[in-house]
Amino acid sequence: MADSQASHPSLTGLPEWQTLCAHAGLIRNERIRDLFQADPQRDQRLSMETDRLFLDYSKNLITGDTLEHLTGLAARCGLGEWIEHLFTGEPVNSTENRAAMHMALRNRGNGAMYVGGRDVMPDVDRELTRMRLFVNRLHRGEYRGCTGRVITDVVNVGVGGSDLGAVMATEALAPYRTNAIRMHFVSSIDGVHVTDVLERVNPKTTLFIISSKSFTTLDTMTNARTARDWFVRQVADTDAIGQHFLGVSSNDAAMAEYGIREENRFRIWDWVGGRYSLPSAVGLPLAIAVGMKNFEAMLDGFHAMDQHFRTAPWRHNMPVLMGLLGVWYTNFLGAPGHVVLPYDHRLHRFPAYLQQLEMESNGKCVTRDGTPVDYDTGAIVWGEVGPNAQHSFYQLLHQGTRPVMADFLAPVHGSAEYPEHHDLALANCFAQTRALMEGQTADQARREMEAAGVPPERIEQAIPHKVHPGNKPSNTILFDRLDPGTLGELVALYEHKVFVQSVIWGINPFDQWGVELGKKLARELLPAITGERDADDADPSTRGLLAYLHRHRS
């Protein structure tokens with residue numbers, strides 16, 4: 001570990017990097033559709049399956065040589081060794097000297113998993129058992145509010161990793177809800193979000209989950225105090241706090257100080273990063289919504305992908321392939337963006353979840369040893385539900401000037417009530433990947449307009465606007481249906497893809513100092529916002545913003 005951790009080699013000076021640069025120059029002007037014509041078996045060679053996912057990556061500007069060169073770079077960067085460091089609990093989070101053992105949260109193989117030489121599975125299993133007991137009590141109506149009424153609403157208060165995963169998964173698995181308890185999520189610090197949610201719930205039948213790894217995050221704790229104060233005003237009983245508030249944190253003392261009973265404090269550990277914490281007690285809102293059987297089925301999916309990632313050969317390893325393709329486009333073909341396009345509305349929060357997972361992890365400008373990088377890292381991730389995005393930003397994908405890598409995601413089986421709707425969604429999904437790849441030539445546009453009876457002079461005027469350059473790359477990920485196991489496998493796929501890219505780039509994907517800086521400055525500026533002190537030490541622009549604020553508040 002010490003040798004691997006010491007210093008990332010000069011990446012751009014590696015022979016494998018230089019080979020890829022030369023290869024990119026040769027392949028850049030190739031057409032993907034021509035690669036299909038030259039290889040009738042291309043779609044079969046460049047596709048693969050795991051337990052629940054099918055990946056077609058044949059519509060990428062790659063050849064067998066491309067993959068050979070990319071895996072050569074991965075080997076040179078020590079990917080195999082780093083995967084083992086990750087799974088054996090080594091401190092891969094170098095700046096905080098911590099392991100990143102989120103795989104233990106979903107370890108379904110009954111084997112030990114070590115952090116710092118200690119098996120953490122007894123702790124993980126203990127918390128999972130506590131979650132199971134609590135959720136079952138709640139569903140049976142045995143856990144009640146302070147007046148003896150059953151719980152009708154649950155409000156999760158968190159932000160970032162304590163919010164995005166639980167929100168995304170609760171929306172994605174809505175058909176698997178096992179009870180009538182309504183789920184609400186509060187994350188924004190603006191005061192509007194918490195107000196809107198509190199207006200919809202009855203304090204005597206509402207359970208609050210305060211989810212914060214540190215239990216000090218300003219956004220979360222401000223909303224948590226507001227929720228607690230509102231609750232006390234409504235029920236006029238401070239002793240009732242203990243019955244209506246749960247905590248999820250690694251900071252037991254802070255949960256106790258807030259007023260959360262010991263039996264209602266759920267633990268997470270410093271070796272679990274926030275954006276990797278969905279399979280922990282941070283996923284308690286999801287477990288309440290769908291039941292522990294479905295929650296644990298999701299853990300099964302996570303575990304299946306973990307095992308695939310650790311053991312499959314790289315050319316047949318889905319996270320490795322997706323990670324290397326991301327490096328290929330980011331560093332060698334000049335594509336700064338990566339768009340995620342699910343063709344199932346229940347995945348509408350998945351792009352936002354991936355934004356944190358990918359950009360908070362790999363948005364780094366120095367290597368593990370602090371050396372500034374001289375290459376791009378961390379794609380700009382964005383996305384939307386595909387059928388909606390077709391009517392907004394797909395125009396840029398088809399005819400814009402910037403290259404964008406795209407992931408299309410779709411279940412084979414969608415809406416049971418309206419299957420014909422899902423057939424149309426799938427037709428659009430497949431058609432869009434084809435249109436991005438093939439484009440439309442001037443001759444094709446001309447023939448189409450001639451067949452429609454468009455006058456010749458208008459045809460010539462319109463042709464430049466109807467030409468689609470094509471050659472736009474995409475992956476397509478299909479799955480039988482969006483069930484708990486599939487969701488777990490899908491999330492783990494992207495987690496491990498991110499790790500693969502971090503190894504190539506030589507960066508630490510498990511810290512987030514850019515997030516911490518903003519938090520620190522916000523705390524420093526708050527007294528200037530409230531008028532308690534001047535901000536003479538701030539920059540001129542910030543002083544101007546404060547002046548405008550105070551003029552309009554006076």
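For all residues, glycine too, the Cβ spot is worked out from N, Cα and C.
Feature annotations, reproduced from TrEMBL:
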- E360: active site, proton donor (ACT_SITE)
- H391: active site (ACT_SITE)
- K519: active site (ACT_SITE)
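Working note on the active-site residues H391, K519: by count of other C-beta atoms within 10 Å of each C-beta, K519 ranks first. Cα of K519 (active site) to Cα of the residue listed as 'active site, proton donor': a distance of 15 Å. The number of other CB atoms found within 10 A of the CB of E360 (active site, proton donor), across every protein chain shown, is 22. DSSP assigns H391 (active site) to coil, not to a helix or a strand.
On a Cα basis, E360 (active site, proton donor) lies 29 Å away from H391 (active site).
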